[in-house]
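Encoded as structure tokens, the structure appears first; notes follow it.
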Amino acid sequence: MNPTRYTTANGAPVPQDDTSITAGERGPLTFDNWRLFEKLAHFNRERIPERVVHARGTSAQGVFRLTRDLSDLTIADFLRGVGKETPVAARFSTVAGGQDSNDMERDVRGFSVKFYTEQGNWDMVGNNTPVFFIREPSKFPDFIHTQKKDPRTNLVNWQNRWEFWALHPESFHQVTILLSDRGIPASLRHMHGFSSHTLSFFNEKGERHWVKWHFKTNQGIRNVSDEEAATIPHDHNQRDMVEAIDRGEFPSWTVKIQVMSEEQAREFRINPFDLTKVWPHGDVPLIEIGQMELNKNPDNYFAEVEQLAFSPSNFVPGISGSPDKVLQSRLLAYADAQRYRLSANYQQIPINQPRCPVNHYQRDGLMAGTCPVTGQSKEGGQYGDTNFYPNARADQGAPVPSPEFSEPPMPLEEEAWVGYHNNRGDDNYEQAGNLYRSFDDGQRDRIANVFATTLQGVTAPIVSKVIEHCYAADEDYGRRVEARYTALRDA
Ligand code: HEM
């Protein structure tokens, strides 16, 4: 077999790549070293901005199989017809660390799934926890600053973390999950995933239902303690996923949903759009709808993982958002981040391209290209020759809107005056307390120990506030955290 020809980026054969061109054996480089210049210049541009959060991640591709027909609830094509298969790409991540940080940190894990449906890409951008720390979106950058490194020392700073949590009692449900035994999943295969947010479905009749998504690991939940995590290599999650799939041991998740009618939502005792709360399964049962299996590793990490761009705003007909304020702010944040990180045409990068025709009137921009997956649509859109709408060229194939996919209007359930409204919520402790009460004695001791260890060195007023929140969630919770904190402090 002839060896593959080594070429420059313009395709010209490289005669040799062991030495650069110099004036004499010991002399300086000459200006005709364009091959060397190209190589060095491209190298300088290898890095792109990492994700501002969830920078360290592992991805795999596979399939979602529908096991329950949902035509009564949604016009989403991939949720209609038992047995229907939809290709997916999933990415799992830690939140706070940079791209080369430790996989085994006690941190929330991101759980994102891109469904390449025949009506466009739907992205489920969730976490391994059913709730989140905040219900007010403007707090997100401040919250993340406290989780990432201190601006002066460039070190993780528990004072900053606890100060944020202490000042935000609504975070205590999520803090109780994070500091519990579930805080460090043993691998990405051994954790659940959740939309966390309330999303919605709409059907042909214009009926809307509120929906939460759950991905239940078929591998079983497995976690490790801080002590065990400290002995595990920092790249464990990446290695575990790649090697499992290479061995043919394909991880899978049972996909379930919780569904609530608009009427039920109006009477529900909990605000169904409060991201710090779950819908108890006793009130809103889980309905099994499918299986997700990951059976292919990416061939090129940069192209298929670093450039993989998820956004909660990537909806398809039949799936939409809800009045959850955090969700709504995310509809803007992700695509904005990706335009910065990957360019305005990030949806044209092969891993992000829909597997269905794309026809619109957006034009040009950095890295605009033709669409190799869908073929170039001849008329209209980025790939065609008509760049304005409306036009009189529908008969020549220029793209036209599809009113049959219109979403029913989103209801406003109150007298809605525009302004700053109280977003403190009605209760910050009940569900944190319920979760704590579900722990056995050993779990209670271990969570108290994680609180106590990470609170050492934190200022006294913040420690008192944290302990107050624990007492407010559950008397025993407060007592154990206080006792363990004091014991460690005085040891
Ligand atoms: C106001 C609230 C939030 C804002 C502004 C925000 C913003 C962001 C941004 C800018 C990124 C990086 C996107 C990229 O560069 O591709 C990101 C990543 C991510 N966020 Fe959020 N986020 C918020 C809340 C949440 C919540 C509540 C969840 C889960 C329920 C979540 C899950 C994720 C995940 C999983 C990723 C990584 C996606 C991937 O794998 O590429 N975020 N977030």
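Think of each number as a place in line: the chain as shown, counted from 1.
Each residue, glycine too, has its Cβ placed from N, Cα and C.
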Quiz item: Per TrEMBL, which of 1-25, 401-425, 426-450 is region 'Disordered'?
Solution: 1-25
Quiz item: How does the compositional bias 'Polar residues' (1-10) divide up by DSSP, counting helix, then strand, then coil residues?
Solution: 0 helix, 1 strand, 9 coil
Quiz item: Hey, how far is Tyr334 (heme binding site) from His54 (active site), Cα to Cα, in Å?
Solution: 12
Quiz item: Other than its own, how many Cβ atoms are within 10 Å of the Cβ belonging to His54 (active site)?
Solution: 22
Quiz prompt | Cβ-Cβ distance under 8 Å to Asn127 (active site), same chain, at least six residues away | solution = Val108, Arg109, Gly110, Phe111, Gly193, Phe194, Ser196
Practice problem: Look up His54 (active site) in the DSSP assignment and report helix, strand or coil. | Solution: coil
Self-check item: Overall pLDDT for the domain 'Catalase core' (7-397), taken as the rounded mean
Solution: 95
Exercise. Enter the number of other CB atoms within 10 angstroms of the CB of Tyr334 (heme binding site).
Key: 19
Quiz prompt | Mapped DSSP class for Asn127 (active site), helix or strand or coil | solution = strand
